[in-house]
Each structure stands twice: as structure tokens, then as C-alpha cells.
């Protein structure tokens, strides 16, 4: 026998020992006991000494059971079959032990034991517990109930693939049903109902075979004379409703509705309350299934809400809340009545005279059903009106969150009522009233900058203006409450004001006196917990960020002392929050980009003393250390010129923190703040020591430290310049070549920026490192992934190298280094390097030419020669043309005369890369000399139709690079030429023409944009689609002066969605998608008219499907596929930027259609469905049974025999995308209760291929960011 088995055996022997009087032998030798057994032993010793030995001590069994509990909780324990049987038998016997302590320990052992024994032993445990529940002994029944709950809670969930939980639950369901049905013993009924509720909440769907019997067993219990039974039955029915079949749900709903009497019919108040409470429970657990029954339910519930019964009113309002949250679409006709009832009962307080100043303290307990509530909860002496008011407030919050489209009405009706109710005397109710108003604020928050939203004549702007009018009323209502003795009230005020300031920045400035008074009151409140001080500090910090600095100036003498006291607070969280506030105060009141309007002299000493005291302390929490360092950085950076003799000690303290490994990162950031300060402080006392320390940080693996260090070094180099000690600078420069690498582009960019600054301030220091740095930099330029920021930094560095006097590196040497990899290429197998590398090298050549204009003409001439030489390789020609595109504009007219001929010849090159580079150069060079080049370019487009595509590309570049004023003389000629080519049969040509038209419109938008009307009305189909495509190129993601004019024409352009031509409709959808994605404000107000047309384009049109014969095979072609795909892409973009304007139920109808469409569209809709599951869980839940079927069909689809590899890969990707949507749906616990989802989940677990795929997707979701967005424009 192993040591573990022997130990278990010895424990079992002790657990079965008979009771004895206490003796030293019962201690089990000299083993060390846990604290709990020692307490038992101490009590036993006391009784024994006193002579009372009749008590059942049972110490050996108790201690052995405790030891067994410890063993079972170890992962390493393994029981053989014999040990399993003995342990189970012994523990079940101990459940009947005379000692209550032994019983309690034994039942606790059952939890960990479940995972250590075989299934049949678990079933044995469950059988015994069920039998004990029917025992005549009350204590045994209680312990059996606890045991069953313990076992059920420890069973592995069905989602893990284990069938144990399901088999155990099926085994006991029948016994629970019979226990509930028998009326003799209420205690057994209650215990069985509790266990059944727990089972249904965890494993409702897998118990489908029992649902009918459970329903028929539970429904009669709604009429039980015992309140506790009725309440537990209501909870169980709620869980059952979420998991049962549609037929059973309809039966349950019909039962509840049919038994609701008419409001004037005689009925038991208790029976009505129970039925309404059951409706509320079903609404909370399965409200998405109640939508079809609401038209019958709501009139009855509304009538009952008017009866003189506060408990019934509360239940009705709770039911309304559930209905609003779970089926908002179906509640639409009932919203006015619900709103009226909420307004009526939110002020329902018949037992209180509001004119009195005396506030009554009342018990505030949760009214939600739970098994702990007792039958006498609703005593005649209880004032239930506060629960009615709280239910009304919660219902109002649900109303606001479920119907954001009614915000204007809510601001007129709900907002004033909520503000009046801020004086509510009951704290729980007041918290929910605050919550409802905060919900209104959050939905009023505009989706973009608030200032633009206020000025915009849309509904959002009107909502914000209505909110602004409410601010004085809110302030008046909350003025006294900011100093309320109740902490929770003040916290609610701070939360509400924080949200208000975030929605409407600046609106609290004129009320600052009241707010500061309230903040100071809470900061000085040491009688309550520190939480209120932290809340007050957090509110103050937010206020400093949203309100103008001038509003704080008069209040600083009042505000600063309590903040300083909090900085010195012994509790680290308060101190950390106070330091953050102090930092914000400094940054807001004495900004560096504006003149000082407030003299800092009276305050700077106090702030410096308090902060440095925190910084010098050595026993601080890490968060306080970091905040103190940051605060010192802001203090020195903003007010260093007023610190006087304290400046140098403060800098030395920062230097000391720079040496400490724990504080070095915040110290580096603080040093950066000091260095970038326009105060130009003298940092000489620390520079010689700080630079080598910073240099050492560049070798660390901590990326954040390297980035912060490079930023600090660049700031120091810019601010101190020649003041930096050259030896220290060289020590830093020695670390830089290793950082100029494509391994981390951001680090490389900062390193090059620092090199540029050093080159400009201390060029002599670069002598030793310029070679290695240039070598790494040139290697970096060969990366095809080079970001624009790194390229711009490289250009600046190269310009700095040739800009010093004398230059650090000669111009010719740098040009040679840049072009050598291309010029030295052996053979002519094509360009060689990646296309993007040529553009990067060309940009650098142009940057050098711009820095040395005297060299530009010579460089351009050499490039022209290289471009026209028959001996030049393709790579050399491409680089020459791309360089000429950049250099030609600054090279002067000399080389340009010869350049025309060279570029035109190159358009006929056999190399596509050379032709594209020549076209690009022709346009860019022409932009610098429009009078000479543009007429020539237009003439060539007319004369050379075979080169038209390349010449149009050149025209596009010229229009994009030239100044608008310089283009005005040529507008009419270019316009005419472009519209002559709108009917080109080549789609690529039409697309380039559209882009040219878009760029041309920017020259004179008010004159040219209205011309589109004529073209759309009279043009041919190709012309109309080209015009609409051109509109797409007028939309950018940045604000532009054309936006207001464009917005006035959008409605007319969108009428093209009704164009009979497919290409025009597709172009219109593409343009609409670009607008929604980049500038949704252009189309938001038109969605009511656009969406029906958009949805129409998602339908499959049979008249557009045709068969094409390809040899012996027939191939189906769907001409409408591209239009449908464009429509679904628009729908996805609308989810991201216009969610509030969508009717999600209607939206889901078309998503549902897309789930059965073509491969490309299904891929789109799977992504949309995953997004909707996160954004709009309630509507998705309502139709999950319909959504899951196409997903199941996709996941279980079989590939046809003989399919090619491409088909197999497409099917695998489709299956993976569908499974991602399934995984996203299943993140909602309520979705998992759906019978159809539970059935599919079982199917996934039983199929090894699907199970593996599902597990891999879940791991991917857990380890990486989800696909929250998709670029479609």
C-alpha cells in the first residue's frame, strides 16, 4: 500500500471511531493542529476539567475529517477504487453523525471529492443525498440539501465536454419533482426548489427531456399558500423559461396571462402579485422570448400597476424594466404608458411630508428574489413606497438605455422629473435616480467633438442645448447634497457632475463656487472612510480637465490647503490621488503655451514642500513614488523659474531617483518634462551624471524605458545644446547604431530624431559614430515596411548632415551611399529591391537636393542621363524617375526641357515598373511648372490614346501636387478632357478619371461641385458611375473646407441608389461606405431615407443570375453579387459609426439573409454577427434560434468529393469564420441557455474536428484582441 493510501486509510479509521471522553490520546500524538481544531480541543478541555463529560466531543472524527478535507484539496491525491469506495461510504455515514461539527465538515468534503472519484461513486453520493432529503429528521434533510448544492456546484460544466453533470442532474430531477409535488413538508419543498433553480441555471438546456414534467410540477406551486414556496417557484420558472422549448414557453406564457384576472375582477392580491412577479422573473431570464406575448400582457400589467398595492406596483415596474431591456422593439407601442407610470411612481411617497426638514431613516434592502428572503418580509408595518420609487427609477434607466432615439422627448419629460427627485430621502432610491440621470447623460454624449456637435443643426446638437439648459436646475438641486452627511449621496453627486462635465465641457465653470465648497467639505471629512476623499480628488482632477483654468483662479486659496493635506495623508491611495490632482492643477493653472494669468508666487513654496516631502520618503508605496516624481517633473517644468534656491536640490533628487531601478522610468519621464519646458532651466548640475545613466538605459530590454530615454535625450539636446558635456554625449551616441534597426521602428525613429538634434547642436560629437549609424540607417531604408515617420526622420537627419558648416558628410558621398545598392546591382532581372524602397531612396535624394539647392540642377541632369542611357538597368531607371519626380520641382527649368522627351520615351518602355515611375515623374515635375507641362500633358492625352492610362496617372499626380490657385486657368480644359473619357470601357481608366475629377473639384468646389447634378441627370451610365466615384475622392477622414458644401449635395448623390444601372448603384454604395467610414456626419441625418434603399440591395435578384457555358460545363454567374457585397460592407461600417441610428431588429433581418448568401457575403455577415453579439446582445438574443441554424449548416457542411485545393481552403476559412461568430454569441450566458444553441454546443463537443476548431478559436480570442473593426472602404 502506498504512503498516501495508508494515510487515507488511517484517517478513515479515526473517522469511524466511537465517541470517547477527552483524553490526551485523542490529540493524535504530537501533530500540529489547525486553529479550528485547537478551539474545539480548548472547549473540550474546559468541559472535562469542570467535570461535564456528557457532551459528545467526537474529536478524533472531527480532526480526521479535517485532515481528509486538506488531502482532498490537493491536486496530487489519487485514490484507488477501494479507497474511493471507503471514503464515499465513510463521508455519507458521517452526514448522520451526532456531532454537528463533524456533519458540516463531512458535507464540505463532498465538493472536492466529486472531482477525485469515478462517475458511479458520484451517482451513489447523489442517490444517498436525495434519500436523506426525504428523511424525518430535519437536521439530516438540511445537511442533505447543502450536500446536493455542494456537489452540483463542483460538477464540471457541460461546456467542458464532461457528461457527468448532465447524467447526475437527470438522475435527481425526477426525485426533486416528486419532492416539490408533495405538499406535506414545506421544508423539503423549499430545499428541492432551491436545488432545482440551481440546476436549471447551470444546466437548463441539457435537461430538455424533463422540462415538460418540471413545468407541470412548478405551475401548481404558484398557488401555494406559503409565500416562500411561491417565491422559489417563481425563480425556478424564470430559469426554466430561458431553456425550455418554444412550445413549453408558450404554454407557460399562456398560463400566466390566462390566470391574470381583469383589474376589476375579484382575485387574491397575493395570487396577482405572484403572477406579476413570475412575469418579471421570466422577463429577466428569458425576456427575449416574451415579445410575441407583450400585446396581451402589457395592458393587464399596466392596469395592475394602478391598484393601491405598493408591492404589486413594484413588481409591475420591475416587469416593465425587464421587458424594456430584453425586447425593446416589441415594447415600442407601450413606451408612452410606461413613461407615464414611471413619472407617476417616482414621486410616490404617501408617508412623508416633503415640506419637513426631518429625514426618516429606513431599511434599504434588495427586493430581488432570493432564497434567503423570509415569509414575513412584507410586514404591514413596512413602508413599501420607497421600493416603488426605486423600481420606477430603474425602469426609467432601462427606458433611456433601450430607446436612445427618444432622447429629445426624455430631455423634455424625464430629465426635469429626475432633477426634482434628487431630493429623495431614501439613499437606495436616490442612487438609482442618479443612475437614471447619468444614463441620460451618457446617451446624450455626442459621438464626436462636443463643440462641433453643439454647433451642428442636428438632433445631437439640440440634445446638448437642452442639456445645457438643465445645468442650473441640476446645480440648484444638488447644492445642499454636496455637503450631505451621507457619503453615498456625495459620491453620487460627484459621479453625476463628472459625467455632466464630460458630456458638456465648460458648463460647470459658472458654478465653481458651489462645487469647490462641496469638494473641500469632502476632502476635510476624516470621520468617514477615505473613499469619499478619493472620490472628491478624482472629481476635482476631471474638473480641471474640462473647465477653463480661469474658473479656478479665485478658489485656489480655498482649494489648495486640503489638497496639500491629502498629499500628506498616511493612506497611500489618497496621497497618490492628491499628487495627481496637484499635477493637474499645475498644468492647468500655469500652462506653458499661454501667458500666466495667475501669480504662482503665493503657492509654489507650499506645493514644492509637500511634493518633495513625499519624494524624499523611502518607505512609500510604489504608486505614490511614481506620482510624486511625475508631480515634481510638472512642478519644475511649469514653475521652475520660481523655485529659486530649491531648484538645484530638486534636480539632484530627480537624479537620485534616476539611479534607482524601481523609479527610473518615471524619473526619465519627469526629466523629459523639465527638458522640454520653454523656461530653459539650467540643468548643468545634473547633466554630466545624468547622460551616462541615460546611455545605460538604452541597453536595457525594457522597451518603455528605451522609448522614454530617447525622448528625454532628444529634449535635453534641444534645450541644452552646447551645454551638454561632449564626453557624455559621445557615450550616448555609442549606443545608437544598435537601435537604428527594423526590429523596432518606433525606437529607430526616436533614435534618428535624437541624431538629427545632436547633428544640429554638436556636430563634432558625431565624428566617431556617423559611419556605423549611416550603415544601419541605409540598411533600414531598404525595408519595405518603413513607416512614414521613420522616413521623415531619416530625411531630416540627412539634411542635417549636409547642412552643418563644414558638413559632417559631403553631399556627393551621401548621394553615392543612397544610390549604390541600385547602381551596383548586377544584371537586369527587374528592379531587384521592393517598390517601396525605391520611393524611400528617391525621397532621401530629394531631401538632400532641397538642403543643397546649389547641387539640385546637377543632380537632376545626372538623373536624366541615367534614365535615358540604354545601359542603365531597370532599377536605375526606376530610381532615376522617382528621384526626378521629387528633385525636378526644385532643379530649375534647365533639366526640365530635356525631361519631357525622356519621360515620354519611357512611357513606351517594356518594363511596367519603368512606365509607372515615368508617369509618376511626369505628373510631379509638371506640378512644379504648370504653364509648360500641363498643356503639353493634355495634348499628349488627346494624341496618344494607347498611352492614355499612364498619361491620366501623370495628370492625377499633377492635379494632386499643384497649388489650387495655379490650376484655376486650366480648369475648363481639364474638366472637358476628363468627361470625354468617362465612357471608357476600361474600368481602371474610369477610376483614374474619377480620381482626377475629384482632385480638380478641390480647385473651386462651389463652382464645380454643382455641375455633377447635370452629369448625373443627363450622362450615360458609365459617366454617372464615374461621377459618383469622383465624389468618393472628395471625402477624407480629416475636416476639410469642402465638407459643408458636400453635405448639402449628399442627398442628391444618394438618389443614385435608385439608378437602373448596376455599376452606378455599386459606385454609390462604395461612396456611401466611404462617407460612413471616414465622415459619418455627412450622412447621419439621411439614414432614414437611405437605409430602405440600402437594404433593398442586399436581396438576391434571380433576374441577375445567368448561366454561362464554358465548353462542356455550365457556370452560374450572379451579376448582382458585387452590388450585394458592397451593400453588406456598408452595413458593417454603419455598425461602427452610426449604431444609434439603426433599427437593429430590421438590420438583423438582412444579416440573417446574408448568412445564407455567397461565400464573400457570408464571411462579412459572420464578422457582423460577432460584432452585433457584443454591441447589441438583447436583439441578437431574441432571434438566436434563427441565427444559429445557418451557422450550424456552415460548420457542418461537407466539401464535395474531388474539390480542388482552393475550394477546400475557402471552405475551411468559411467554417472558421462561422465558428468565430458562434464563439462570440456564446460569450453571452443567456445565449447558451437557448435549446438550439445548447444542442449545437453538444454537437460541437461530440465532433472532434469541430471541438478542436472551437477550442483553438476560444484560445485565440483569449490571447489576442478581437476583430473589432474591419477596413472596407
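Just so you know, glycine gets a Cβ as well, placed from its N, Cα and C.
Features reported for this protein in Swiss-Prot:
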COMPBIAS  356-383  compositional bias 'Acidic residues'
MOD_RES   2  N-acetylserine
REGION    352-383  region 'Disordered'
REPEAT    2-36  repeat 'HEAT 1'
REPEAT    248-284  repeat 'HEAT 7'
REPEAT    292-329  repeat 'HEAT 8'
REPEAT    554-591  repeat 'HEAT 12'
REPEAT    602-641  repeat 'HEAT 13'
REPEAT    685-722  repeat 'HEAT 14'
REPEAT    727-764  repeat 'HEAT 15'
REPEAT    768-807  repeat 'HEAT 16'
REPEAT    933-968  repeat 'HEAT 19'
REPEAT    1004-1040  repeat 'HEAT 21'
REPEAT    1194-1231  repeat 'HEAT 25'
REPEAT    1241-1273  repeat 'HEAT 26'
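Residue counts for the repeat 'HEAT 15' (727-764) under DSSP (helix as H, G, I; strand as E, B; rest coil) come to 29 helix, 0 strand, 9 coil. Residues 687-688, 691-692, 694-695, 698-699, 703, 706-707, 710-711, 713-714, 717-718, 721, 772-773, 775-777, 780, 783, 785-787, 789-790, 793-794, 796-797, 800-801, 803-804, 808 of the same chain, all 6+ positions outside the repeat 'HEAT 15' (727-764), place their C-beta atoms under 8 angstroms from a C-beta of that stretch. Mean pLDDT for the repeat 'HEAT 16' (768-807) in this predicted model: 90. DSSP places the residues of the repeat 'HEAT 21' (1004-1040) in helix, strand and coil in these numbers: 24 helix, 0 strand, 13 coil.
Taken residue by residue, the repeat 'HEAT 13' (602-641) breaks down under DSSP into 35 helix, 0 strand, 5 coil.
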